[in-house]
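These notes are about the structure you will find just below.
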Amino acid sequence: MSHTETQTQQSHFGVDFLMGGVSAAIAKTGAAPIERVKLLMQNQEEMLKQGSLDTRYKGILDCFKRTATHEGIVSFWRGNTANVLRYFPTQALNFAFKDKIKSLLSYDRERDGYAKWFAGNLFSGGAAGGLSLLFVYSLDYARTRLAADARGSKSTSQRQFNGLLDVYKKTLKTDGLLGLYRGFVPSVLGIIVYRGLYFGLYDSFKPVLLTGALEGSFVASFLLGWVITMGASTASYPLDTVRRRMMMTSGQTIKYDGALDCLRKIVQKEGAYSLFKGCGANIFRGVAAAGVISLYDQLQLIMFGKKFK
């Protein structure tokens with residue numbers, strides 16, 4: 001490989017990193033209220049055990065109403081700073097690693113066949129998600145703890161954490177470094193499943209479905225991204241629930257003995273339905289995720305003239 005080709009690849013890697021991160025930061029900030037409601041719904045059983053929630057939420061609308069009443073509108077952005085700090089490098093690394101891995105595989109649909117090309121897209125998406133998680137997991141943990149740190153209806157109700165740094169300080173004091181990485185194994189499995197489907201299906205279906213008049217259409221790209229996001233998030237949601245429930249036990253006396261123990265106890269005590277609590281919010285949350293992947297395409301096209309290949 002020549003020096004010029006190396007410089008070109010490095011330049012494209014930097015473009016992917018920047019565009020992916022900017023797109024994600026904008027979309028996640030706009031979807032922060034939905035993100036928080038989803039996490040509150042998902043973790044409400046652990047919150048009941050810890051005393052930070054008085055009674056179960058009756059649904060998404062009830063969660064919105066009670067949160068606004070007890071904590072104020074601004075509270076819907078609680079944990080958003082950690083989410084942006086986490087999501088910027090996560091999405092940026094996801095997109096950048098994905099394109100880098102795809103270029104290393106160099107699968108061509110015409111030359112290698114659709115099946116091999118499709119498998120390459122799934123692998124590059126999943127591997128990118130797994131690699132990115134290594135760098136940002138503690139921020140995801142902190143975001144989850146802040147978002148699920150609710151203030152109940154009682155006037156004496158107090159929050160457990162006073163901010164991002166306080167989450168790190170208290171967790172390290174009670175659980176050590178391990179506390180920041182509780183739930184890491186199901187997180188890796190979940191992110192590989194989600195990212196593999198998210199990127200793999202999008203990259204595979206986009207050149208097949210978005211042709212002719214639909215090629216370059218932001219609306220068509222957005223709708224395709226939304227449908228794929230819904231499928232990917234639903235498929236990986238039980239793993240997401242397990243990892244977040246494990247996160248919630250850091251600093252607590254009673255903990256789960258691993259991901260399988262957590263999964264077994266949730267199903268036994270609460271029913272399999274509990275693995276999908278908050279999943280309905282993903283219908284709305286998916287709008288933000290779909291916006292990221294379609295906005296990413298548009299930003300590259302507008303700013304750098306880089307078209308999908």
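Cβ from N, Cα, C; glycine included.
Under the heading ADP binding site, Swiss-Prot lists ARG86, LYS98, ARG243. The region 'Important for transport activity' annotation in Swiss-Prot covers 243-248. Look at Swiss-Prot and you will find 11-104 tagged as repeat 'Solcar 1'. Here Swiss-Prot flags 116-208 as repeat 'Solcar 2'. The repeat 'Solcar 3' annotation in Swiss-Prot covers 216-302. Per Swiss-Prot, motif 'Nucleotide carrier signature motif' is recorded for 243-248. Positions annotated as transmembrane segment by Swiss-Prot, on the basis of similarity to another entry: 13-40, 81-105, 114-134, 184-205, 219-239, 279-299.
Here the features listed in Swiss-Prot are painted onto the structure.
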{"residue": "ARG86", "record": "ADP binding site", "DSSP (3 states)": "helix"}
{"residue": "LYS98", "record": "ADP binding site", "DSSP (3 states)": "helix"}
{"residue": "ARG243", "record": "ADP binding site", "DSSP (3 states)": "helix"}
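Long-range C-beta contacts of ARG243 (ADP binding site), restricted to its own chain and to partners at least six residues apart, with a cutoff below 8 Å, comprise GLY183, PHE184, PRO186, SER187, GLY190, ALA259. Residues near LYS98 (ADP binding site) in space but far in sequence (CB under 8 A, at least 6 apart, same chain), listed by position: SER124, GLY125, ALA128, ARG195, PHE199. Here ARG86 (ADP binding site) comes close to VAL136, LEU139, ASP140, ALA142, ARG143: these same-chain residues lie at least six apart in sequence, with C-beta atoms under 8 angstroms from its C-beta. Counting same-chain residues at least six beyond the ends of the region 'Important for transport activity' (243-248), those with a Cβ under 8 angstroms from any Cβ of the stretch are 39, 42-43, 45-47, 50, 141, 144-145, 148, 182-184, 186-187, 190, 255-256, 259, 262, 266.
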